[in-house]
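Student: Take a look at what TrEMBL says about it:
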type     : residues               : note
ACT_SITE : E297                   : active site, charge relay system
ACT_SITE : D301                   : active site, charge relay system
ACT_SITE : S515                   : active site, charge relay system
BINDING  : D557, V558, G576, D578 : Ca(2+) binding site
DOMAIN   : 224-598                : domain 'Peptidase S53'
REGION   : 196-215                : region 'Disordered'
SIGNAL   : 1-19                   : signal peptide
Amino acid sequence: MKFSSSLLSLFALVSLVIASPNPAGFVVKDSLNAPQDWARRSVAPSDEHVVLHLGLAKRDQAGLEARLLEISDPDHKDYGEWLTADEVDAFTAPSAETRTIVSRWLEEHGLMDSHIEKRSVSENSISVTVPIHKARAMLGDAEFHVYEHRDTGEERITTESYSLPRDVAPHIETIFGLANFARGSAFRSPIRVLTQEEQGDDSTPGVVKASSASGAPASCNFNYVTAHCLRYLYGTEDYKPYGKGQHIGISGFGKEYANFDDLQLYLKNQRKAREGYKFSVTTINGGHNTQSKPGAEANLDTQVVAGLAAPIRSTYYSTGGSPPFKADKGTPTNTNEPYAEQLDYLLGLTHPPAVLSTSYGDDEQTVPYAYAKRVCADFASLTARGVSILFASGDSGVGAASSCQTNDGLNTTTFLPVFPSTCPWVTSVGATMDFAPEVVAEAKESYITSGAGFSNYFARPSYQKTAVQGYLKTLGTENAGLYNTTGRAYPDVAAQGSRYKIYVGGKYYAVSGTSASTPTMASIIALLNDARLKAGKSTLGFLNPWIYSLNGKGFTDVTSGNSYGCSTDGFPATEGWDPATGFGTPKFKTLLSQALKK
Ligand SMILES: *[C@@H]1O[C@H](CO)[C@@H](O)[C@H](O)[C@H]1NC(C)=O
Ligand SMILES: *[C@@H]1O[C@H](CO)[C@@H](O)[C@H](O)[C@H]1NC(C)=O
């Protein structure tokens, strides 16, 4: 990395910033201390460029959410009447006043309409690239530093705090990549190559696990979970999909590429009847489709969906935006956040995917509050279009032991909830293991523990109040002070998340995680949509009010195990909803009859 400024001028810069952290007329928009796993290396060179990706205030988010709660309420007369893109835009486009004030502010800094590089369809998100010295002037002398992720060496330029002029601040909800240390990590265990012996033959039973011997489908008496096993376990084996009118979206971020040949190998071995099925790939924001570099997460997600939901079409969305930062002059550092670009793209589609499966997330506290609010509001817009949005609940139970502290400078011991699962407009999926009965997936056997928790950012939505209050009553004082008793609780549901047998670069691997559970649940939802579409009904869209109204009907309750973490027993699974596995794992046939009733 090259630095154009001398050490002396760097010091001068720092002391200047400390002397006037927030000039008169500016208000702090967002601030976040860098989490412990990020080291602040140096002041960012002032001629380096950054992308300012502005999330403009929406005209009527409250109106959108109120309408969404009506059309997702199975007892409302308008249930299932999802909105068109234009109907969403009518709520979410910026007002004339917002447009005027933001344009005037940009013009004051020499940024004309022609400098705007990207504009979302609803025009509530725009990007401009500026040198850091200009960004500082625009953002109340915000300090930009080079940060390095201690484990991976990943570098990024960002701020820990930024401000906007008092009159502009209400019109910009967030600047997506600033004060943001989210990494959009994939939730899967490190994958393990299977030995020749372990690979076995998928058509004959392998070694029966003692705990899964009785009551499990014969096809699940394996050391490893296959498509065959999942279809019998969850009851989709007899369902003949119609396959029209929808597609399943699978999110990919970072350098995760889904491989076409590996899918054929998976189908040949685990779902012969669907050999030849292909997913399509859409690249967003400079994402790639590098067939020579298959990714374990990407392959897991695309293989599971194909095995369970083919012939329903699926699309792998490879979103760029987190390249390793290089301080080359003139190369703008990207916004380094996974969701905004993908959401802008999906919200612009006339036919978005009916189901979106995303196996990525971050500790909520590494995501700035204004950013989380905005992205969550964008998920509300997308699910209002009739898209069921599923997110993995995370693989560290209530938090990885070494990191269970607040990053507000006080280092208070706390559980660490995971975003976006904490957003009330998405459906969060936890992980189980074993078969008869299924229990909470935990690290000793599965290398991962089903993620669980309560948001510090989002209040508990009305649809889950009864279920969560019931659980908290049973829980009593256990974990008191370690979690937020009024927050949005997750996960909502669960599915197998242990030892899936997948193919990467032509080899067999075992992989665990809510990363596996999420495409499994997404496939089940797509099959339910399939039956609804065939019956002339709409897609299931925003799922949570429907799921909570079933109150466990259509799910196998998981009552054994814990979401361990933070050196505690975490949250125990209990009868009924619990924050280890939600309502439990799907019973397709029951869900099908329920889904066709509304
Ligand atoms: C909090 O923890 C960090 C990292 O371990 C340490 O550097 C810092 O001094 C701690 N702060 C307090 C107030 O204990
Ligand atoms: C707990 O969650 C609520 C939202 O439900 C939030 O307002 C509050 O700040 C949170 N408490 C903490 C300590 O983060």
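Backbone N, Cα and C define each Cβ position, glycine as well.
TrEMBL does not curate its annotations; it predicts them automatically.
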Student: Note down the number of other Cβ atoms within 10 Å of the Cβ of D578 (Ca(2+) binding site), including every protein chain shown.
Tutor: 31
Student: To the nearest Å, how far is the Cα of D578 (Ca(2+) binding site) from the Cα of D301 (active site, charge relay system)?
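Tutor: Given the Cα positions, D578 (Ca(2+) binding site) is 26 Å from D301 (active site, charge relay system).
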Student: For the recorded positions E297, D301, S515, V558, G576, work out the Cβ neighbour count at 10 Å and name the residue with the minimum.
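Tutor: Checked E297, D301, S515, V558, G576; of these recorded positions, fewest Cβ neighbours within 10 Å: G576.
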Student: Quick check: of the active-site residues listed here (E297, D301, S515), which one has the Cα closest to that of D557 (Ca(2+) binding site)?
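Tutor: Result: the closest of the active-site residues to D557 (Ca(2+) binding site) is S515.
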Student: Using G576 (Ca(2+) binding site) as the reference point, find which of the active-site residues E297, D301, S515 has the shortest Cα-to-Cα distance to it.
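Tutor: So, spelling it out, the nearest of the active-site residues is S515.
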Student: Can you see whether DSSP assigns D578 (Ca(2+) binding site) to helix, strand or coil?
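Tutor: For D578 (Ca(2+) binding site) - judged by DSSP and reduced to three states - the answer is strand.
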Student: Which recorded positions among D301, V558, D578 have CB under 6 Å of ligand 1?
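Tutor: Correct list: empty, so none.
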Student: Is it possible to get the count of other C-beta atoms within 10 angstroms of the C-beta of D557 (Ca(2+) binding site)?
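Tutor: There are 19 such Cβ atoms around D557 (Ca(2+) binding site).
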Student: Do any of E297, D301, V558 (recorded positions) have a CA within 10 A of S515 (active site, charge relay system), and if so which?
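Tutor: Correct set: E297, D301.
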Student: Can you grab the distance from E297 (active site, charge relay system) over to V558 (Ca(2+) binding site)? Cα atoms, rounded to a whole Å.
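Tutor: A Cα-Cα distance of 26 Å.
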Student: Report the mean pLDDT of the predicted model across the domain 'Peptidase S53' (224-598), rounded to a whole number.
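Tutor: In the predicted model, the domain 'Peptidase S53' (224-598) has a mean pLDDT of 94.
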